[in-house]
Structures are given as structure tokens and as C-alpha cells.
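Copied from Swiss-Prot, the annotated features are:
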- 44-107: domain 'S5 DRBM' (DOMAIN)
- 1-41: region 'Disordered' (REGION)
Amino acid sequence: MPGRERRDGGRSADDNKQNDRNERRGGGRRDDRRNQQQDERSQYIERVVTINRVSKVVKGGRRFSFTALVIVGDGKGMVGVGYGKAKEVPAAIQKGAEEARKNFFRVPMVNGTITHPVQGEKAAGIVMLKPAAPGTGVIAGGAARPVLECAGIQDILSKSLGSDNAINVVHATVDGLKQLVRPEEVAARRGKTIEEVAPARILRARAGQEA
């Protein structure tokens with residue numbers, strides 16, 4: 001019937017409009033979620049230390065994939081290291097960044113430098129870290145520098161004493177940073193005041209920050 005066809009045609013047009021409206025709504029939510037994730041990523045500093053191609057021998061031949069060692073930090077004392085593996089380089093970097101954010105830890109700092117000298121070790125990697133005076137800058141090379149910069153350290157002296165392997169150096173640097181303690185923690189542990197425990201340099205820096 002012509003009337004029925006017109007009614008059916010009108011109903012199908014309305015359905016199409018409703019579907020288009022729903023798709024636009026869903027797309028808007030996805031866009032908002034994607035923009036929110038991009039804003040969260042933009043708040044952090046990301047450094048790719050190394051990318052390697054690895055292979056796996058299977059029955060049909062070799063399967064190649066990529067690994068990425070990524071450092072992520074907020075530049076304000078939070079830093080993390082992640083290791084990602086995927087068939088494509090961008091996916092490996094993304095996985096490494098996600099793992100790095102899960103491994104965040106806080107680095108105790110006073111006036112832009114670390115609180116005391118430490119030595120970090122991981123496998124054959126050995127990294128020595130020392131506090132530095134304001135204006136010194138980040139004296140570090142190789143794979144240790146991205147870790148210190150992402151953590152927000154402004155003045156530090158470092159030296160690699162062991163293997164030059166980037167993975168070992170990064171994890172040795174992280175091990176050293178995790179050994180750092182605040183002067184308040186040392187004073188509480190020893191049952192003394194901060195003035196009795198902390199060096200004069202740290203006390204002057206704390207006084208300058210409070211002022």
C-alpha cells in the first residue's frame with residue numbers, strides 16, 4: 001500500500017536519525033575520554049632510552065618484535081621506569097610508558113638536588129650520585145640523565161662505575177634514588193633533631209625554601 005510504504009519509510013528515516021544521534025553521542029564520549037588521556041599524558045615528561053628489535057624462533061620461522069625502555073616523570077619528584085614489548089615500535093613505547101606510570105616513586109629533594117650521596121647497583125651497572133650546589137646542573141651522561149631529568153632534579157653529580165648497558169644503568173640509577181631518605185626520617189630513626197643530623201648545606205636550603 002502506498003500509505004503503508006510512506007509510513008514505513010518515515011519510520012525508517014526516524015530510526016536512521018536516532019542511530020546517527022546515538023553514534024554522535026558515543027563518538028563524543030570517546031573523544032572526551034581520548035582528550036582526557038592526552039591531557040594526563042601531557043602532564044608528564046617521557047623519555048625513550050633505548051629501542052631494540054628482538055626475535056623469537058618458532059616452528060614457522062622467526063617472529064620479530066620491539067622492546068622499549070621508557071622513563072616517565074612529572075618533573076616534581078615523581079619518576080618511574082617501564083619496559084614495553086610489542087610488534088610495532090609505537091605500541092612498545094606506549095606499553096613502556098604505561099608500566100612506568102605504574103612504577104612511580106617519589107625522590108626526596110632539597111633545593112633541586114638530592115639529600116645525600118648514594119650508590120645504586122643493578123646487575124653489572126653501578127651509578128654514583130652526589131648532591132651539587134645550585135647552578136651546577138645535571139652532570140650525567142648516557143642512560144642516567146633521562147632518569148634524573150624526568151625526576152625534576154636540577155643539580156646533581158653522577159658517574160657510572162660499571163657496565164655501560166643502558167638497561168643496567170637506568171635500573172642502577174633508580175636503585176640509588178630509592179635509597180634516598182629525608183632528613184626528618186633519619187632524625188626520627190636516631191631520636192635526634194634535624195639540626196643534629198642534617199648537613200649545614202641542607203639546613204640553609206630548607207631555610208631558603210621556607211623564607
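Positions of Cβ are set from backbone N, Cα and C atoms, glycine also.
The shown structure was predicted, so the numbers you read here are calculated from the model rather than taken from an experiment.
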Model confidence over the domain 'S5 DRBM' (44-107), averaged pLDDT: 94
For the domain 'S5 DRBM' (44-107), the number of residues DSSP places in helix, strand and coil: 14 helix, 38 strand, 12 coil
